[in-house]
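*Asks:* This is the structure I want to talk about, given as structure tokens.
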Ligand SMILES: Cc1cc2nc3c(=O)[nH]c(=O)nc-3n(C[C@H](O)[C@H](O)[C@H](O)COP(=O)(O)OP(=O)(O)OC[C@H]3O[C@@H](n4cnc5c(N)ncnc54)[C@H](O)[C@@H]3O)c2cc1C
């Protein structure tokens, strides 16, 4: 078996991975491992924008941006991280500009900015223009720009190489208070090459996880088929906790019945939501900023309109996004792609007809816990030396219980850069950690099991049943009963998963095999999400419990931490340990969240 050696290995070539690679690649011997060709990463599908308080078109400052991010996240945001992100946003945009990104411009030649949900002037007084954009293809431009700059800096890519395990050794260590614990150290990752089926080891002094989100846990989602939460699940299986996994964002405007995203930029440019009576209903739910309220509020309001019988269409099961009052030339200039989606997939002409929309699973706020340097935490206070995470896979936590639109493209740039620098600097003084005796054993067993198991269950059917129960029971509205129902289903799906059989037994381009492994990741994460959701008996941000409709700061102003632990039982589930982590406050006291 081949063993490669690098100072820094970055797992993932989306925005976070490539932003990290640009930094690490200039400082240390770096490789990027990615299951997709880099420019196919989901960052390339991002539409609306990336925010920074540039104040190019109206008054703005990073302190307002910090406040909006914290309030948008319903106060579960770690405030030190939000400050870092809002402050460094300005350079993050300018870095991209200098790398060659073709932003839309104002007539004076400055980077243009537009409105997005939850971004406001002076602590909520009115919407502010903070999102920098390149039409509705901002993510595409970011991804291409970062890739070109990686090529320029001779970053080494291993494309269509799946990382399936992270190697963490453990040593006895003692805390300051004299108690002993097991300190984890990263020694590398284990890979599976799609084209050959070969398993290899990459030994590294530092490893950066940048594997993106897990939207495919749900059926109705804006996410690409590849977003199966691999990084989160791999870390979890090796004893790293997952933080705040109950918080999944449902984006208000997915194309009805399909989930394909229509960017919030549409509302930023002036589109409004209407119910079957033609009413602009957001005026009732968020009187000040209306259709530009944060996503959790808009998604809930839409679902509520449908519930109360004011939905549109033959089944009254969606609402309408109305752009008909906008000039066609304006739509073509600012929203060309998403309006084309409406024509192609729903046969609706947005110039003249409102577009049917309904919330779609979009973003995982939780993930692998890190501090503001991107260092991964093995518990509330202990860093795993050499292990980093950035982007949607990580929970730093800048998004708390609800992310504001355009804050993710920002997050991946700010914390991608930070973790790339930190990993490279760490590798300069660190030694390689010795590899375990049979480093690839776990992956060899996993692959052999999936390939050779001649069970009767089909991967696609288990995945469908998982996505169906998550859509039904873990959506915008949840309750103890529905979450428990989902959890029960997941447990039985896990049993069925043991009995899978795949048809392709070959080594070359065996996507059958990899989809089966990815389904294993999805099942693990769905279980963590539901257990976390069951435990949080309150409503906050993207997590709305009908049986506990209020935010409960006295009992739940803390992060959820779920650990894999064979000896523990949480919410009736064996093998999971529950803990909490304090939220970091700097200067913003939790307030009632009105918009
Ligand atoms: C349709 C859509 C529109 C969006 N629009 C916006 C927007 O306008 N503004 C905004 O701020 N946010 C937006 N978002 C959110 C934002 O785009 C994502 O959260 C962000 O791009 C994630 O970046 P990332 O680098 O963390 O992950 P990704 O870009 O998803 O990249 C993940 C990388 O990890 C690799 N990978 C995964 N698993 C493995 C494995 N096992 N082994 C090896 N490699 C692996 C993949 O190959 C890929 O390269 C949008 C999201 C979607 C889905």
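Glycine residues also receive a Cβ, built from the backbone N, Cα and C atoms like all the rest.
This is the feature table in TrEMBL:
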{"type": "ACT_SITE", "residues": "295", "note": "active site, proton acceptor"}
{"type": "BINDING", "residues": "12-17, 34-49, 230, 392, 408-409", "note": "FAD binding site"}
{"type": "BINDING", "residues": "251, 263, 362, 403", "note": "substrate binding site"}
{"type": "DOMAIN", "residues": "7-409", "note": "domain 'FAD-dependent oxidoreductase 2 FAD-binding'"}
{"type": "MOD_RES", "residues": "42", "note": "tele-8alpha-FAD histidine"}
*Asks:* Determine the C-alpha span of the substrate site listed in the record, that is the greatest distance between any two of 251, 263, 362, 403, in Å to the nearest whole number.
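*Replies:* Largest pairwise Cα separation, rounded: 14 Å.
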*Asks:* Counting every protein chain present, what is the number of Cβ atoms, excluding its own, within 10 Å of the Cβ of residue 362 (substrate binding site)?
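*Replies:* Its Cβ has 27 other Cβ atoms within 10 Å.
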*Asks:* Among the recorded positions 40, 295, 403, point out the residue whose Cβ has the most other Cβ atoms within 10 Å, with all shown protein chains included in the count.
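*Replies:* Answer by Cβ density within 10 Å: 403.
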*Asks:* Looking only at Cβ atoms, how many others are within 10 Å of the one on residue 12 (FAD binding site)?
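*Replies:* So the number of other Cβ atoms within 10 Å of residue 12 (FAD binding site) is 32.
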*Asks:* Excluding 251, 263, 362, 403, please set out which residues of the same chain place their CB within 8 Å of the center of the CB atoms of the substrate site, keeping sequence order.
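*Replies:* Filtered neighbour residues, in order: 222, 249, 252, 261, 264, 295, 363, 405.
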*Asks:* Across the whole of the domain 'FAD-dependent oxidoreductase 2 FAD-binding' (7-409), what does the mean pLDDT come to? Round it, please.
*Replies:* 97
*Asks:* How many Å separate the Cα atoms of residue 44 (FAD binding site) and residue 263 (substrate binding site)?
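*Replies:* Checking the Cα atoms of residue 44 (FAD binding site) and residue 263 (substrate binding site) gives a distance of 14 Å.
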*Asks:* Tell me, how many other CB atoms lie within 10 A of the CB of residue 251 (substrate binding site), whichever protein chain they belong to?
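*Replies:* Around the Cβ of residue 251 (substrate binding site), 25 other Cβ atoms lie within 10 Å.
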